[in-house]
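What Swiss-Prot says about this protein:
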type     : residues : note
CARBOHYD : 60       : N-linked glycosylation site
CARBOHYD : 106      : N-linked glycosylation site
CARBOHYD : 147      : N-linked glycosylation site
REPEAT   : 148-171  : repeat 'LRR 3'
CARBOHYD : 170      : N-linked glycosylation site
REPEAT   : 197-219  : repeat 'LRR 5'
REPEAT   : 241-265  : repeat 'LRR 7'
CARBOHYD : 253      : N-linked glycosylation site
REPEAT   : 293-313  : repeat 'LRR 9'
CARBOHYD : 348      : N-linked glycosylation site
CARBOHYD : 396      : N-linked glycosylation site
CARBOHYD : 407      : N-linked glycosylation site
CARBOHYD : 420      : N-linked glycosylation site
CARBOHYD : 476      : N-linked glycosylation site
REPEAT   : 626-649  : repeat 'LRR 21'
CARBOHYD : 632      : N-linked glycosylation site
CARBOHYD : 680      : N-linked glycosylation site
TRANSMEM : 740-760  : transmembrane segment
């Protein structure tokens, strides 16, 4: 019987194990039981044991690509795929290595904590496809890999593997070899490209040296060698790989300019990336030196100073990246006539305008066009009818945003920040996903129609002359994640109603004319569960904040994990070609400085309430925000002690509580925050000692503070207290002591009624002041 395969979802497989008399039930599942006859019982038990070796809470149980397959005739496991599922240590004695008949194994994107690469993989000598990419494997690839004689695909990319080139030369069936982004070094075997079936080779991001031998009979079609220095003679032999279709040689760090003549013999080449290398100016002027088959050409950061005329002849060109060069002058008119050109980046150059009439743009085939960070002046041209994403920020465009964009039905992303546009925001942007108009001279009110299409994810109109109120129609933006209207002239109360937006992560309202309380009625928590960045600085907000103000900030309460360096980057393949990547920008006060943050981390959490009229205690629930990176409450009227719970904000890097009326001592717990690089508590009423390592300006203006870095010594009446002021215990999940509240309820109620009667009848000033003091500092 032929080796047909029966796909078995691993959850269903575990269900059979759990009802088997030979295994104990650890889980219960509601999934339907599939026909498991093909898998023998000992194979089921081995798989169950393997899965139980790891934490599997990350497993996506609805992902039908994950699972286990058994051969119909033998009943043994021949295919196993657990992608982005497992956490733990892959030990040499793992039951994984019992599956000697495996032909396909995919364990990519897991979180293995092994310190070395298990040599037992070499025992799986029937495996044909092995994917261990995007894990945490370290050390050298064991020599036992040379036993995998049936291997056709080996994926080891994005690990931390070291040592010399793995011993794979005798694996003559290999067609796909991927070592991208590791730490391999040493010499590449000269015969590597002589392997008879090798069609894909990715050595990108390593430290290899040596020369390579090439045969014209090589079947290699895809070759990636870029990012790290590759010492040795490799460029000339590459010209003999006549079957190449994709070639990546970016950032080789070679000392001489590349001559495009090297690639003239590659008649099948469709993709060429030479970014980060110097290109011979002569070869950029002649069309004799470049394959006419090219569809994608990347020449980013190549030191090019004039637009290459060779592009005229590339009639099949679909994508070109000429960003981060030194090209000046005007963008040539013929460029828009290339019949297939759909995506182009000319960003970060010195272009100052367009050659000839810009009307030719309208009928071009362009879908994605980046021309930000140039010196282009004048009115914005009419965009191509096919445009989907357009970025032209950081130029000198002026005049009004043309209403012709209303007829661009495919337009999803419009980015025009840092220009000199005037007039009003067009009413017709309702179908866009990203609107970025920051730092222009736009005026009028925010259009009510912005959310008519319910697709808006980012709206950034900060630093303009916008007036009026925040339109309630923003409630229709159910997909909105990023809203920035800072530094305008908006006059309104705090938009509590925005809490209805389920995906809102960033809310920037700073430097407007907003006023009133920011605490919900009845002192309930502020309900923005997904909010990460909340900036309302320099307005006229007033009132107090309840101790439970931040209780419902669920996203910011999550602990930062190992994936905490991901940016808030949007990738939308709906554009139909290479993903459009957009990075949100915020202006923030961080470590005492005002700065622009162009990339907002997914795990990044910041609060800025500075420059308002807020009073009372700082909410103790602030300690629940474990992801909080920056907190600025300066220039308000907060009183009482700095909450001890701040010590629970373990990711805190910047803390500014200056120019308030805070009293007591600086909590010792702040000294344990390993990331806290900046603290400013100046101009308060604090006493005791400071945190060593900060500048003295961070503590000045507190008459009761003494010791380094201040000049005042701690002696006599200025000696610090022996212990912190006693406060109630502050747990992460409970910010009020409800037992104490319940115990004193009866007595407190009677006393409260009596005091209320006195106040209502006579309102003596002395009693009102006492009640006010207890209200804020109890």
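Using N, Cα and C of the backbone, Cβ positions are placed for all residues, glycine too.
Keep in mind the model is a prediction, meaning the values are calculated, not measured.
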Tell me the Cα distance separating residue 396 (N-linked glycosylation site) from residue 348 (N-linked glycosylation site), rounded to the nearest angstrom.
14
Residue among glycosylation sites 60, 147, 253, 407, 476 with Cα closest to the Cα of residue 420 (N-linked glycosylation site)
407
Check the repeat 'LRR 9' (293-313) for me and report the mean pLDDT.
94
Listed in sequence order, the residues of the same chain lying six or more positions from residue 60 (N-linked glycosylation site) whose CB sits under 8 Å from its CB are 66, 84, 85
Whole-number Å distance separating the Cα atoms of residue 396 (N-linked glycosylation site) and residue 407 (N-linked glycosylation site) is 24
Around the Cβ of residue 680 (N-linked glycosylation site), the count of other Cβ atoms that are within 10 Å
22
Secondary-structure category, per DSSP, in which residue 170 (N-linked glycosylation site) falls
coil
So how many of the residues in the repeat 'LRR 21' (626-649) end up helix, strand or coil by DSSP?
5 helix, 10 strand, 9 coil
Out of 106, 396, 420, 476, 632, give me whichever of these glycosylation sites has the highest number of other Cβ atoms within 10 Å.
632
Just to verify a number: CA distance, residue 106 (N-linked glycosylation site) to residue 147 (N-linked glycosylation site), in angstrom, no decimals.
18
Integer Å value for the Cα distance linking residue 476 (N-linked glycosylation site) with residue 407 (N-linked glycosylation site) is 23
Roughly how many Å lie between the Cα atoms of residue 170 (N-linked glycosylation site) and residue 680 (N-linked glycosylation site), rounded to a whole value?
64
Summarise the repeat 'LRR 5' (197-219) by DSSP state, stating how many residues are helix, strand and coil.
0 helix, 6 strand, 17 coil
Give the residue from the glycosylation sites 147, 170, 253, 407 that has the most other Cβ atoms within 10 Å of its Cβ, counting over every protein chain displayed.
147
Taking just the CA atoms, what is the gap between residue 680 (N-linked glycosylation site) and residue 253 (N-linked glycosylation site) in Å?
44
